[in-house]
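Record features (TrEMBL):
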DOMAIN    2-211  domain 'UCH catalytic'
SITE      77  site 'Transition state stabilizer'
ACT_SITE  83  active site, nucleophile
ACT_SITE  151  active site, proton donor
SITE      166  site 'Important for enzyme activity'
């Protein structure tokens, strides 16, 4: 099963029921002043990167680093091209205490399910699918589905731990201690690792999800 490829843009927040004080801000760089320009509090950081053989090899080595237990909300990706929506779900699903939206119903309904059962509910959720495809149709860039080779993941501070959420994996990856003040910097360090592994690759981008800010750089 595949959905239409989608870019991340502010409209997806409203169409997926995450409105109000939630907003995206572009992360223009992962070091120095550009990183410092990201407003706080930052609830999550989403990274878009190309899927390459180097990345797949690295992921195989990370298989034993998947976090066990139910401290985090993790959703397995089973629908092609849905990674942007799943990254958003991971971002807000691990910040539920800060949100009041229609999307919260899906998160509440699947709270006690396994990652695989959540994936099945996601596949059959017509409202989320329609919102995703509506956003994809409005995007400035509409690639052919069989040529999409990029992927979204999310980073979230959950109870003082920096977690990486990738729906293509079997669970979240714990990158260690973080705080509200250092979260963006700590997540950026992990993102820089993605970039360093792809020495000749420049097609990376990131956005931060903010609560209580109405801003976009």
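Including glycine, each Cβ sits where the backbone N, Cα and C put it.
Values in this document were obtained by computation on a predicted structure and should not be read as measured data.
Mapped onto this structure are the features recorded in TrEMBL.
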residue	record	Cβ neighbours (10 Å)
77	site 'Transition state stabilizer'	22
83	active site, nucleophile	26
151	active site, proton donor	19
166	site 'Important for enzyme activity'	24
Review point. Could you tell me the C-alpha distance between the residue listed as 'active site, proton donor' and residue 83 (active site, nucleophile) in angstrom, no decimals?
Key: 6
Exercise for review: Work out how many Å separate residue 83 (active site, nucleophile) and residue 77 (site 'Transition state stabilizer') at their Cα atoms, rounded off.
Suggested key: 7
Point to revise | Euclidean distance between Cα atoms of residue 166 (site 'Important for enzyme activity') and residue 77 (site 'Transition state stabilizer'), Å | key: 8
Practice item. Average the per-residue pLDDT over the domain 'UCH catalytic' (2-211) and send me the rounded value. Key: 86
